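Engineer: Submitted below is the structure of interest, expressed as structure tokens.
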């Protein structure tokens with residue numbers, strides 16, 4: 001009897017989470033496809049020569065893009081552009097939803113408006129991918145040392161390269177949307193996460209090899225590990241931190257009775273902007289070094305070499321520029337992601353209010369005041385997380401994958417993935433309880 005009950009419970013447990021397993025399998029399958037695609041080269045490029053040449057472009061935006069694409073750029077893969085055009089397109093459309101009347105109306109149309117906005121994101125992604133692939137293909141022969149990388153620099157090569165890069169980016173965008181729909185978590189974030197994590201084993205082995213050869217002291221290696229562990233704990237703590245604003249509801253009269261609803265909370269994350277500010281700030285400080293590595297040997301671009309010298313990680317200008325860019329993008333992207341006035345209007349329409357604060361404009365001002373404080377603290381936290389590993393990487397020659405931006409992305413994506421899995425498990429359990437008790441609505 002006990003054995004049969006146990007078997008029945010195990011069977012029911014397996015049936016409850018069968019869909020979760022299918023979603024997990026779909027994510028794994030999609031990531032395998034992504035990794036396989038990152039090894040498909042663009043026809044007409046000597047991948048061995050390109051990989052050796054990119055070793056001289058360390059500390060530039062090229063290295064960061066190569067990290068996000070899982071090494072696809074160094075292999076001249078069809079996924080070389082990665083998912084960056086989609087990220088840029090999403091931010092452009094988010095800006096338009098704040099300033100353009102047509103996009104403002106679409107945002108208010110609910111599900112139908114969201115589908116139309118997603119279409120515009122796809123169109124702009126296609127345009128950006130076309131521009132970037134054209135620029136990358138045309139500029140390759142003009143970059144010092146890259147002439148020998150292209151086997152036959154003819155018109156047919158440029159056409160094939162441009163089409164391959166555009167197709168690769170559109171495929172990644174489609175794959176990311178499929179992961180979001182049929183898998184677990186945000187598909188685009190998981191693709192970026194997969195690209196970064198794919199380089200961790202080789203970076204770790206390279207660091208261990210330095211310890212074995214004596215170029216990196218064992219104590220320093222242990223110190224680096226402790227710092228990475230502590231920084232990871234800090235990221236987990238901050239990313240889970242929330243400022244909860246107590247929301248009360250007005251009493252309602254139903255028939256001859258008066259009912260008062262329980263109070264709830266409006267949770268505001270300390271770091272609402274996510275990892276986007278770190279990515280764009282890194283792009284800004286690395287962009288001059290990228291241009292200088294391409295055109296610095298020409299006479300009319302010599303001034304770029306001087307700028308790059310002052311934008312080295314130990315220089316005050318680098319630190320100031322990096323911190324300023326992070327703070328700016330934190331406030332900018334938080335303003336795009338969260339609208340205090342819209343939140344205040346929704347609270348007023350639902351009969352909710354904050355104790356001691358008048359509904360409407362006063363509530364919006366109160367929420368905005370809290371958001372400004374949280375965003376400032378969040379930007380300081382992000383600047384610290386991004387700068388400390390970067391300085392360690394410069395002074396201690398730690399591999400690029402241990403940088404602050406990559407660490408932040410890895411931890412944030414894992415936290416979001418675990419949260420969504422937990423939410424899915426809870427919703428499945430609630431559904432099973434309702435079915436068991438035959439509740440109907």
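Indices start at 1 and increase along the chain as displayed.
The backbone N, Cα and C atoms fix where each Cβ goes, glycine too.
What you see is a predicted model, and the numbers here were worked out from it, not measured in a lab.
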Engineer: Out of 57-77, 78-98, let me know the one Swiss-Prot marks transmembrane segment.
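Structural biologist: Result: 78-98 is the stretch Swiss-Prot calls transmembrane segment.
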Engineer: If Swiss-Prot is the reference, give me the range from 254-274, 275-295 marked as transmembrane segment.
Structural biologist: 275-295
Engineer: Determine which recorded stretch among 25-45, 78-98, 218-238 has the most C-beta pairs below 8 angstroms with the transmembrane segment (184-204).
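Structural biologist: Comparing 25-45, 78-98, 218-238: 25-45 has the most Cβ pairs near the transmembrane segment (184-204).
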Engineer: Under a criterion of three or more Cβ pairs within a distance under 8 Å and sequence separation of at least 6, are the transmembrane segment (218-238) and the transmembrane segment (376-396) in contact?
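Structural biologist: Yes, the stretches contact each other.
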